[in-house]
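See structure below.
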Amino acid sequence: MAQYRVVLLPGDGIGPEITAVARQLLDVVAQRHGFQLMFEEQPIGGSAIDATGEPLPASTLTACRSADAVLLAAIGSPRFDSLPREKRPETGLLGLRSGLELFANLRPVKIVPALIGASSLKQEVIEGVDLMVVRELTGGIYFGQPKGRIEADGDERGFNTMTYSASEVDRIAKVAFEIAGERNNRLCSVDKANVLDVSQLWRDRVDAMAPRYGEVDVSHMYVDNAAMQLVRDPRQFDVLLTGNLFGDILSDEAAMLTGSIGMLPSASLGSDGPGLFEPVHGSAPDIAGQDKANPMAMVLSAAMMLRIGLKQSSAADDLERAVDAVLASGFRTGDLMSEGCTPLGCQAMGEQLLKAL
């Protein structure tokens, strides 16, 4: 029997509640499909500050590095807003990404038929949307040097540097090509090559890699047009590949096609070692401990972990089908509630998901 070590990071706010739901479901599908998940919980974020004084204890990072996958719930609490920026809960996540050398962020966006009315776009525009945004996570303008603010000639100037090396583009492009090959063999690389030298390099490297993935249809799109096309005709996209800045913006735009951030999972991957899987939503401290949280993004993040991190696609399919079935039956948490549906709390939603398995 295959065995996998999974580090659970419940974190802050609603994190412990949604982690409990995901863990129950993971145990069921693991038993059904003949593998074993060995869970280890570790503190991160505000809970780690309370326990150790640090947002990312060394013991947490060590445990994550030796795991097969890491499943994170949520980080953040206004209780710590008065701390120096480097001591706040959110720096725990940044440190974890750095410590695991994660460079590829994956954001799937799929329209669930039962929730199609939740989108702000017309049904005929978003029906059938199923795309993946692949964002480079560690380079580009957020990390480029030099950067800063200076005063010269009586004027203040701020500056940042947008830079990518060929090797940085190659490794993220490889991830995107492989994902496209596992999906529908369509890859759209998004850049600003009509203006930026760094984007011209990006486009050249993507084109250079394309012959190695001959079955994948490659196209290019300027980022301003891509932002428009995501709203005008999102069905045209399968896999979107882009850099850190453009991906930061486009992934949030794509997320809102669904109408609820409470349904969106994500993954961050490196070249080696475990991936990090987490919901897109935050810690929602205003509803923490009240049994109001929506656990579905956490469950779908667990499904991504099974599919991508542990190569257990059949078990992942079970979790995704359970989510679809529960929603089709009219069960909703408060963030998804609409007329004629049945309201449920976090625990009760978990019970319905278990029944749907």
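A Cβ is built for glycine as well, from the same backbone N, Cα and C atoms used for every other residue.
Counting only same-chain residues six or more apart in sequence, the Cβ atoms lying under 8 angstroms from the Cβ of R97 (substrate binding site) belong to L137, T138, S268, L276. R97 (substrate binding site) falls within a helical segment according to DSSP. Sequence annotations record features per position, and here Swiss-Prot assigns substrate binding site to R97, R107, R135, D224.
In sequence order, N244, L245 constitute the residues six or more apart from Y142 (site 'Important for catalysis') in its chain with CB-CB distances below 8 Å. Annotated site 'Important for catalysis' per Swiss-Prot: Y142 (among others), in sequence order, evidence recorded as sequence analysis.
Taken residue by residue with DSSP, K192 (site 'Important for catalysis') is part of neither helix nor strand, so it is coil. Residues near K192 (site 'Important for catalysis') in space but far in sequence (CB under 8 A, at least 6 apart, same chain), listed by position: S199, Y222, V223, D224, F246. Annotated site 'Important for catalysis' per Swiss-Prot: K192 (among others), in sequence order, evidence recorded as sequence analysis.
As annotated by Swiss-Prot, Mg(2+) binding site applies to D224, D248, D252. With a cut-off of 8 Å between CB atoms and residues at least 6 apart in sequence, the same chain places nothing near D252 (Mg(2+) binding site). DSSP classifies D252 (Mg(2+) binding site) as helix under the three-state reduction.
Summarising the annotation, Swiss-Prot assigns NAD(+) binding site to G282, S283, A284, P285, D286, I287, A288, G289, Q290, D291, K292, A293, N294. Note: K292 (NAD(+) binding site) has non-local neighbours T333, G334, G345, C346, i.e. same-chain residues 6+ apart with C-beta under 8 A of its own C-beta. In the three-state DSSP assignment, the secondary structure recorded for K292 (NAD(+) binding site) is coil.
Annotation for A284 (NAD(+) binding site): same-chain Cβ neighbours under 8 Å, separated by at least 6 residues, are G13, I14, A74, A293. Of the listed binding-site residues, namely Q290, N294, the sparsest CB environment within 10 A is found at Q290.
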